[in-house]
Amino acid sequence: MTQDELKKAVGWAALQYVQPGTIVGVGTGSTAAHFIDALGTMKDQIEGAVSSSDASTEKLKSLGITVFDLNDVDSLGIYVDGADEINGHMQMIKGGGAALTREKIIASVAKKFICIADASKQVDILGKFPLPVEVIPMARSAVARQLVKLGGRPEYRQGVITDNGNVILDVHGMEILDPVAMENAINAIPGVVTVGLFANRGADVALIGTAEGVKTIVK
């Protein structure tokens, strides 16, 4: 199976967690896009979705799925999203698609976080994939200096402005042995909006696409 076929398999597998009559939290990226396609087949059974990016909102609406503002939703049963890396503790690096802040906000509200990913995203130690950090533009250089002190090599993601109007620093060369401590340390830097480490709030269920089929891991 190709990588895209594995992504499609886990996207469709996540449908089993969607309860009729509910509002579904939806992530961003190539794997989440497959889940949105699958969700389209249930559009008449669900109330709608809360979206983590303008791109996902557009796709949801094109399939006839109602998109709610998170401020108008009291609770979310599930949030379904991909990951750039996921470790054995269900902690993740996310944000390759620059939607990390909205993703983290929606994940924090959802009762259950379902991570959908192909097997190439599984790692023992997080950090080989560059760690995205969303930053207020005026703080870019100041934040970069602090990230160097934490052992990383930050690189400005040229030409990318997030849906919130901010910039992204991708931090290379990190070996993140304590993801919770690293998430807290980076979030504490003035000017950081959020870091793409999902350690304090990791996934509850991981659906991993493998050549043998979809593997389910429950926290």
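Even glycines carry a Cβ here, placed using N, Cα and C.
The feature substrate binding site is assigned by Swiss-Prot to T28, G29, S30, T31, D81, G82, A83, D84, K94, G95, G96, G97, K121, with sequence analysis given as support. In the three-state DSSP reading, T28 (substrate binding site) counts as coil. Packing around T28 (substrate binding site) is summarised by its Cβ count: 28 other Cβ atoms lie within 10 angstroms of its Cβ, all protein chains included.
Within the same chain, residues at least 6 positions away in sequence whose Cβ sits under 8 Å from that of E103 (active site, proton acceptor) are G27, T28, S52, S53, D81, K94, G95, F198. In the three-state DSSP scheme, E103 (active site, proton acceptor) is classed as helix. Per Swiss-Prot, the feature active site, proton acceptor maps to E103; the stated evidence is sequence analysis.
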Message: Please list, in sequence order, the residues in the chain of G96 (substrate binding site) that are at least six apart in sequence and whose C-beta is under 8 Å away from its C-beta.
response: G29, D84, F129, P132, G196
Statement: CB contacts under 8 angstroms to S30 (substrate binding site), restricted to the same chain and 6+ apart in sequence, sorted by sequence, are D4, K7, G82
- line: Densest Cβ environment (other Cβ within 10 Å) across the binding-site residues D81, K94, K121 belongs to D81
- request: Starting from the substrate site formed by T28, G29, S30, T31, D81, G82, A83, D84, K94, G95, G96, G97, K121, give every other residue of that chain whose CB sits within 8 Å of the mean position of their CB atoms, in sequence order.
  value: G27, A32, A117
- line: Taking every pair from T28, G29, S30, T31, D81, G82, A83, D84, K94, G95, G96, G97, K121 (the record's substrate binders), the biggest C-alpha distance in Å rounds to 16
